[in-house]
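Copied over from TrEMBL, here are the features:
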type    : residues                               : note
BINDING : A:E169, A:R213, A:T365, A:R369         : L-aspartate binding site
BINDING : A:E362, A:G410, A:L411, A:S412, A:R413 : ATP binding site
DOMAIN  : A:136-439                              : domain 'Aminoacyl-transfer RNA synthetases class-II family profile'
REGION  : A:191-194                              : region 'Aspartate'
There are 2 protein chains.
Amino acid sequence: MTVRTLVKQLAAAADGPVRVSGWVETVRDQKKVQFVILRDETGAVQLVHPRTDVDEPGSDALATQISALSHGSFLTVTGELKHDERVKLGGLEVKIGEIEVTAAALDLPIAEDSSIDKRLDWRFLDLRRPEQNLVFRVQTTFLHALRSWWVENDFIEIHTPKLMASPSESRAELFEVEYFETKAYLAQSPQFFKQMAQPAGFGKVFEVAPAFRADPSFTSRHATEFISVDAEMSWVTSHEDVMRMHEQLLVAGLTAVKEKHGAEIEAAFGTTVTVPELPFPRIPLSEAHSILASRGYTVPRADGDLDPEGERRLSEYVKEQYGHEFVFVTDYTSNIRPFYHMRHEGDPSLTNSYDLIFNGTEISTGAQREHRIDVLVAQAKEKGMEPAELDFYLDFFRYGVPPHGGFGMGLSRVIMLLLHQPSIREVTYLFRGPNRLLP
Amino acid sequence: MTVRTLVKQLAAAADGPVRVSGWVETVRDQKKVQFVILRDETGAVQLVHPRTDVDEPGSDALATQISALSHGSFLTVTGELKHDERVKLGGLEVKIGEIEVTAAALDLPIAEDSSIDKRLDWRFLDLRRPEQNLVFRVQTTFLHALRSWWVENDFIEIHTPKLMASPSESRAELFEVEYFETKAYLAQSPQFFKQMAQPAGFGKVFEVAPAFRADPSFTSRHATEFISVDAEMSWVTSHEDVMRMHEQLLVAGLTAVKEKHGAEIEAAFGTTVTVPELPFPRIPLSEAHSILASRGYTVPRADGDLDPEGERRLSEYVKEQYGHEFVFVTDYTSNIRPFYHMRHEGDPSLTNSYDLIFNGTEISTGAQREHRIDVLVAQAKEKGMEPAELDFYLDFFRYGVPPHGGFGMGLSRVIMLLLHQPSIREVTYLFRGPNRLLP
């Protein structure tokens, strides 16, 4: 028996016997000849069968088998490969010898134009679309480049627990778990535990892992479970050190994506991957407000945080002004930052923090952390936190700790914005929202 | 201001002014001279201060500061580097110029000989030990080598959801989550969703992510939250294809660990890392029982599964017989395998499955999966599963699916057995068990 050949390997294979495996994308059942488009994880190939039953219908068993093939069925086909420039699809086709149906498909319940909700109901079928497959190959390449950069720069990978005895960010949007005789909570972020690596003397750490928020919103960029890309490092002197690491990391990730998938992304999504220039532009939050105001937009939020429209417009400005898809908005005011962000020396109304905006949407928050226990406790109290409940976290600062900082970044947002997709639902393997737990 | 030099960089640095940052491991406060051992994430260095207050106690402010340094405090020290062969620790020392205490430590609550439970209470201090730091650098290298192997071999990384509408393995050992108006369950494994990648046409996938089991046991190898290393691939013809991938992957991982950390592991744990030979030995379960019986051990379990003592003895046999630390035990009986394992054609009492044993303990289960919907439903019913509850999973097999197989492997077990540690608690960043949710 011949060995399986991947579709992408056919171009370089010699004419002759081959075996291919994949699923039926289309069947064109013509009078004199039948065509099957078979797709596998690497591409699509045209299979052909010249009917021998034109004069005597039903006398060609193979033709009858091909006519009965349902879309989506998985097959193994042995046949003869022939390179032929006239064939549009890759300049080659396989003349079918024998078909083995591995699993016949029922009628497919979704089509190209099904609604996003219907497509998510049948996500495993939706993922068969070549663009969807590309999304996850892009994500694989992006993450591997990030991890490679971290490993080359001596970061240690950590796996922080997702089961916690108390909330990591706030009492709001918290999932509660029955944990033997007690309750546990799902980690809203790895924040406390990646900081723990600092008094532990790990120096520089990273983690790519799920985080959970009982967020009841239905926007295009929120999910109840999402992949958080996190890094934290010791001995920073301000958030500037974190931004420098962050931007280098993204350059590594986008360089790898452009090299490996740039042409495919262009073809599938009509989007050019741009490797950003270093350094990324940095704009203090207060200046961002002035820029927006001078362009006729007043951010409507009372707390002074940017709203999505403000982010979009600021991004537009940065593209015009600097030709850049990224912008660090820095020095957020303390009122809209968590208690563990370090504040400016001399001006406690501002923090050593930033948000990173990519193509109009926030993808990440970073900061230098407050490592002085007395200041940290005061800030926690000011934010209405209960120090007793935080005691295990505050202990991290009582037995020696270096100054440190880091960021958390939403993976699906990065991929969505990179590929100009309308929602993180399109780039998440299985989306989870307030009313979606299936499949 | 001089830039920070990492301790490991001092050996290659020229004599002269340097700045180092780290924490106080020991202070030797002698009459004429003071020594501080400062450790950072890369090693330890001796700092020295010749007292100038020998005749006039209290007149040397620096000496007074050094005397007051508590163990574990984090410092930045500027001083003069001097290479000196007589210094045991690395043949160099730094003459202290100035000390800046970043965060002074309270008296440390644990010591080298504290119990494992006490050490876990103060895990962030326990992790400062150089051997603990090494554990996580080894794990980082191991995982990066696995992922690199997968990426080079065209596997796609997936992130399956940990929130599910129904149990993934069994009703037992299941964590329940309050999910808005309904209940969710924490994934006991990514099994169903990594299989979903098969009808989705992804071909080959991998995932490294947390899994959750409400397992009330207190053994050295169980946790309620653990990192599961998973792979799944299409078009396998039996579990043999899965084992071939699995063993190549482990060779890649252990080769990288040996190259990067072999000498350090030898020094810290007295253990030699062995890159295993290919192929790993394979022993069918029935033969394993015969071997154990012939060596005087009858497995006490009624269901015929190997017990930990049986695994240990079988591993001993394999070491004697083949000089190998790994063994695939194959063809498990159907009664001790989940419903989704494919059974032998012609003998449904056996499955196309294996366990992988490493240095005496099981680290992984792999199998070819049953992809024929009618057989799968029958096997689920036979195991007492409720097909209605499994419907979303069974749908994966109704619209076309390739034959496929894969494995799940416990990361902490591999690292524990590689470094000959007594418990996964020693190699887990923050262990989670029935009575441990803190820190």
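Glycine is treated like the rest: Cβ placed from N, Cα and C.
No curator has checked TrEMBL annotations; they are predicted automatically.
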Using a 10 angstroms cut-off on Cβ to Cβ distances, just flag whichever of A:T365, A:S412 is the loneliest among these binding-site residues.
A:T365
Between C-alpha atoms, which of these binding-site residues comes nearest to A:G410 (ATP binding site): A:R213, A:T365, A:R369?
A:T365
State the three-class DSSP label for A:T365 (L-aspartate binding site), counting H, G and I as helix, E and B as strand, and everything else as coil.
strand
Looking only at C-alpha atoms, tell me how far A:E362 (ATP binding site) is from A:R213 (L-aspartate binding site), rounded to the nearest Å.
17
Given A:R369 (L-aspartate binding site) and A:S412 (ATP binding site), what distance in Å do their CA atoms have, once rounded to a whole number?
25
Looking only at C-alpha atoms, tell me how far A:R213 (L-aspartate binding site) is from A:S412 (ATP binding site), rounded to the nearest Å.
15
Count, for each of the binding-site residues A:R213, A:R369, the other C-beta atoms lying within 10 angstroms of its own C-beta, and report the residue with the smallest count.
A:R213
Cβ within 8 angstroms of the Cβ centroid of A:E362, A:G410, A:L411, A:S412, A:R413: which residues besides those meet this for the ATP site?
A:R221, A:F226, A:I363, A:S364, A:M409, A:V414, A:I415, A:M416, A:L417, A:I424
Tally the residues of the region 'Aspartate' (A:191-194) by DSSP class, grouping H, G and I as helix, E and B as strand, and everything else as coil.
4 helix, 0 strand, 0 coil
Once the DSSP letters are reduced so that anything not helix or strand counts as coil, what is A:G410 (ATP binding site)?
strand
Counting only residues 6+ apart in the same chain, whose Cβ is under 8 Å from the Cβ of A:L411 (ATP binding site)?
A:Q139, A:L143, A:V208, A:F226, A:I227, A:S228, A:V229
Residues near A:R413 (ATP binding site) in space but at least six apart in sequence (CB under 8 A):
A:R221, A:F358, A:T361, A:E362, A:I363, A:I424
Which of the listed binding-site residues (A:E362, A:G410) has the least company, meaning the fewest other Cβ atoms within 10 Å of its Cβ?
A:E362
Extent of the ATP binding site in Å [max Cα distance among A:E362, A:G410, A:L411, A:S412, A:R413]:
12
Give me the CA-CA distance between A:T365 (L-aspartate binding site) and A:S412 (ATP binding site), in Å, as a whole number.
15
